[in-house]
């Protein structure tokens, strides 16, 4: 299986399946001498872990990271950083009923056709369980990017949308509610809505918005490896993501050039920021902001028509423990992937000019 690595210099390779004994990763290219804050890494893991509230999957995993290499006396050594996260609460029997059938909108069918074999227990390698490894690497990347502030939050759940501009929000409110929405009133409504969706045996999608501040000028390459292109790739690699837009996004298509152009101030900053902090594929020092759209979780607690691996008609019904809405736990994953992209470009930028 190809495609298990992300990054050029600051590079993450992950391994493991949802119901295997462990998942893990190897981080290459992290400079030597970086003092690591392990409490900060654990904090990020706690934000992503299952079972943290009534509106997420009730699978219970402590998600304790065991570092195997690349760290000595609390500092990176410059060698590959290896780590594992043990799986301790798998319930594989919950998936025996789908051993021979394909769940609608899951990876079951495509994995089976591509590889001729699939691990049906919790989705195997296609499970979002893998993203825990991304959060570990992203937490380290954040520490490498000291001074750069990456903040993601839930801006919509279904039709419920937070319409405030990010500059009007109090980001300190994000971690004060299980939805991770920075508006307490809207967060309460979203939480109640997700609970009602769960009672129906259904799921709902949403949007995670992200703002990156204090970004150095010059990150990104001008042709194929544009900063926004790599951010888009990073976000679209996350399970259940269906869309990505940055800056003015699709709304910018309704504007005239005279409205959309970001005029300069004398110091090089811009009077507006429809560009989303990126021009010509390169960061310009303004805030980078983007939205990531997540589909409803494919596993629903309702009967659905499908087929088995012989092509016969069959019936699929969700069992086990699943998120009714993924966006609350996706917030730290979005931040982690953004950090991986920026860390990689930060190191690449060191060799871009004499």
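Glycine is treated like the rest: Cβ placed from N, Cα and C.
Annotated in TrEMBL:
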BINDING   48  NADP(+) binding site
BINDING   125, 126, 127, 239, 240, 280, 295, 296, 297, 298, 299, 321  FMN binding site
Per-residue Cβ crowding (10 Å cut-off), top of binding-site residues 48, 125: 48
Residue pair the residue listed as 'NADP(+) binding site', residue 127 (FMN binding site) - Cα distance, angstrom, rounded: 14
Cβ packing number for residue 240 (FMN binding site), 10 Å threshold: 20
